[in-house]
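Colleague: Please read through the structure below; I'll follow up with questions.
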Amino acid sequence: MADILDLILKKKPDWIHLRDEEGRTPLHWAASIGYLEGVRLLLGRNASIATERDKNGLFPIHIASAKGHVHLIQELLQYWPNSRELLNHNGQNILHVAATTGELNVVNYILKTPGLESLINDTDKDGNTPLHLATMHWHPKLVSAFTWDKKVDLTLINSEGLTALDIAECSMGNTLTFRQRLTMIPLRAAGVPRNPSANARRQCSIILEEQKTDICKDKVNTLLLVSTVVATVTFAAGFSIPGGYNSSGEDSGTATLITHNLFHVFIFCDTIAMYSSVVVAVTLIWAQLGDVHLVLIALKTASPLLGVALATMSLAFLAAVYLVVSTLNWLANVIMIMGLVFLVALIALYFFLWFPMSSSCLILRYVSYYPFCLLVLVAGSGELVV
């Protein structure tokens, strides 16, 4: 392919400046597809084409940044090392572009490369830093990378007087998406401040309080429903025990499997699940009084207890099923393995749901880093197309 390109340029050297409908040159397209040989060949013919914009004000290096082609950025910086001068019509450098489109590899490269530090806290025409833009476009991986880097100034505000956390909170709709929740986590964990003096901040604070109240009410109703179901099921299981009851003799009315260890596990777990769910239900009834602070306290108390109830109910079910099929070894073993696998999955899912990943405690930040990365992987990339 490079030979064909070289032959074309020899016969038609002026074609190096040809533009399409979007004003993009051959170098723009080579940068877009990550064609390193083509970029080198074009720059070798005429290095000045690296400073030609398209109709959107993008230099070839902006296109490479938007597509995540780090090797092309390195090549283009050799011809134009002062990257702060390469700004699009919005006054954005290559890090701004990468933050907008969600290119983590470009962001990591710039954060770790000496000589490019000036890009990290640079602002565009709207006063937005790369952190602001990554937050605005809900890129949790990038926001996490920025908040972990000590060179990033987390306190900077844009032209509207908003910090990155202000932007996130003011951009939320009536319901939070999973990606929005993940983007909020590193901002809060890193201690990104709010700017209460900003007009936009004051307006969205009122909206946030209303949304917070509605969300808390929904959580209370959901947890109350689940805890009621668990209490009902475990109460019924306490009288419908595996193996039934002795119907005659001195042991009449007692459980036939009372001497089995797994029956003891069943009774203990069922009892714990029953009482835990009842406590959760009563706690959440208190939350119905309407005080927001009381609701938050009730949720913090009820959530872990409900997790205990769900886990012990699952374990009680596993013990009961194992008991009734224990005479058939292969089936009993399969049931045991299946039950333990799903129990571990349940605990993991509940851990991810309620673990305080937004905590600013440094130890908790380190502990929650890998679970956060796993959740981001589940959420998907969500990069923008340029």
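Just so you know, the numbers here start at 1 and follow the chain as drawn.
Cβ atoms here come from the backbone N, Cα and C positions, even for glycine.
OK, TrEMBL features for this one:
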- 22-54: repeat 'ANK' (REPEAT)
- 56-78: repeat 'ANK' (REPEAT)
- 90-112: repeat 'ANK' (REPEAT)
- 216-324: domain 'PGG' (DOMAIN)
- 222-242: transmembrane segment (TRANSMEM)
- 262-287: transmembrane segment (TRANSMEM)
- 294-324: transmembrane segment (TRANSMEM)
- 330-355: transmembrane segment (TRANSMEM)
- 367-385: transmembrane segment (TRANSMEM)
Colleague: Using Cβ distances below 8 Å and needing 3 or more such pairs, separated by at least 6 in sequence, tell me whether the transmembrane segment (222-242) contacts the transmembrane segment (294-324).
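Modeller: Yes, the stretches contact each other.
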Colleague: Across the whole of the domain 'PGG' (216-324), what does the mean pLDDT come to? Round it, please.
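Modeller: Mean pLDDT across the domain 'PGG' (216-324) comes out at 88.
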Colleague: Counting only residues 6 or more past its boundaries, what in the same chain has a CB within less than 8 Å of a CB in the transmembrane segment (262-287)?
Modeller: 216, 220, 223-224, 227-228, 230-231, 234-235, 237-238, 241-243, 255, 294-295, 298-299, 301-302, 305-306, 308-310, 312-313, 315-316, 319-320, 322-323, 326
Colleague: Should anything in the same chain at least six residues away from the repeat 'ANK' (22-54) have a Cβ under 8 Å from its Cβ atoms, list it; otherwise answer none.
Modeller: 1-2, 5-6, 9, 13, 15-16, 60-61, 63-64, 67, 69, 71-72, 75-76, 79-80, 86, 88-89
Colleague: For the domain 'PGG' (216-324), jot down how many residues DSSP puts in helix, in strand and in coil.
Modeller: 84 helix, 2 strand, 23 coil
Colleague: Which residue counts does DSSP give the repeat 'ANK' (56-78) for helix, strand and coil?
Modeller: 17 helix, 0 strand, 6 coil
